[in-house]
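Asks: Here it is, the structure, as structure tokens.
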């Protein structure tokens, strides 16, 4: 997205770990992590469906690991906060169906090449993946999605800390930011839907959410005193989670990425091991874009990588700095190929993606995060890129 002049509004949303689609993501990645903990070379494509009183796990898994799938499903549902049938699903008593097969040998033959050394692994599928970074926030994320995540993280913290007794697991946020060119200047509107128990008034919910959730989460300088608040705008939100809506793995791909700012290749992340470039190459694309911005080579940067199934090298690399680049985008493409490993095996090794680190990605977004597991958020290539770009510019 390029808009160097003029004012405009942009909106992004986030959802909590108790949202039915996010609960499904969390179950899928909990299974992935359990398998990787025992067998780092596990091949996993695990999909989850959750609805009233039922969780269904289906997909393709090839692994030497021996895990109790049903226990993982139940433990995950309870840990999120669904431990009472009155709120839609109880992990202790709900029905759990497991429908898992081995990975197709037709897919495996294109991926297995020299896997013992971790090199020359072919891509697990064709596809295109995007990464994005910008200077809106310290974590180099677009501000609307960053603020939406902060609000969700804060309401989740309030629920787990029992700051009030009426909060339930299913929560949503949405933030509209006004920009002047590429600069965020004010917050236009905030929407929060907070699932709650039956014995609380709308006024109490609204006051708590605005004063204790939203205001601590947004920059004071962007609050001009005229924010439009929409807190539980339907009036009540008692029925939620899998009881209110059926949840499926992979249905919150915009929440998982950049909130609609920049493009998306269409592939979901959760439940997939890192031979699936839908996940690993999207992480690498973010890593590349973030390092380009951190190096001062652009204010905004979108990177596209594209792959063919069974083929090691990407079929294309594309960069779009939205007119903010300090050197030509074509030169940045050359630097990317020189400084970043772009084969599936190289990505897996460099970002250490065979570790059981993925369940933490399922709430709060996959990008703009802290923590040891989020290796794709490092900016350890920035200095080398800046130096190489300087040499390129003077050559």
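Any Cβ shown, glycine's included, is placed from N, Cα and C.
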Asks: Select from 70-80, 81-91, 92-102, 103-113 the stretch of residues annotated by Swiss-Prot as region 'Flexible loop'.
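Replies: Based on what Swiss-Prot states, region 'Flexible loop' spans 103-113.
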Asks: Among 60, 204, 206, 313, which residue shares the L-methionine site with 103, 245, 276 according to Swiss-Prot?
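Replies: Checking 60, 204, 206, 313 against Swiss-Prot: the L-methionine site match is 60.
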Asks: Please give the maximum pairwise Cα distance, in Å and rounded to a whole number, for the ATP-binding set 19, 170, 171, 172, 236, 237, 245, 251, 252, 268, 272.
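Replies: This binding site's residues have a maximal Cα-Cα distance of 36 Å.
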Asks: Averaging the per-residue pLDDT over the region 'Flexible loop' (103-113), what integer do you get?
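Replies: Across the residues of the region 'Flexible loop' (103-113) the model's pLDDT averages 64 on the 0 to 100 scale.
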Asks: Among the binding-site residues 103, 171, whose Cβ has the fewest other Cβ atoms within 10 Å?
Replies: 103
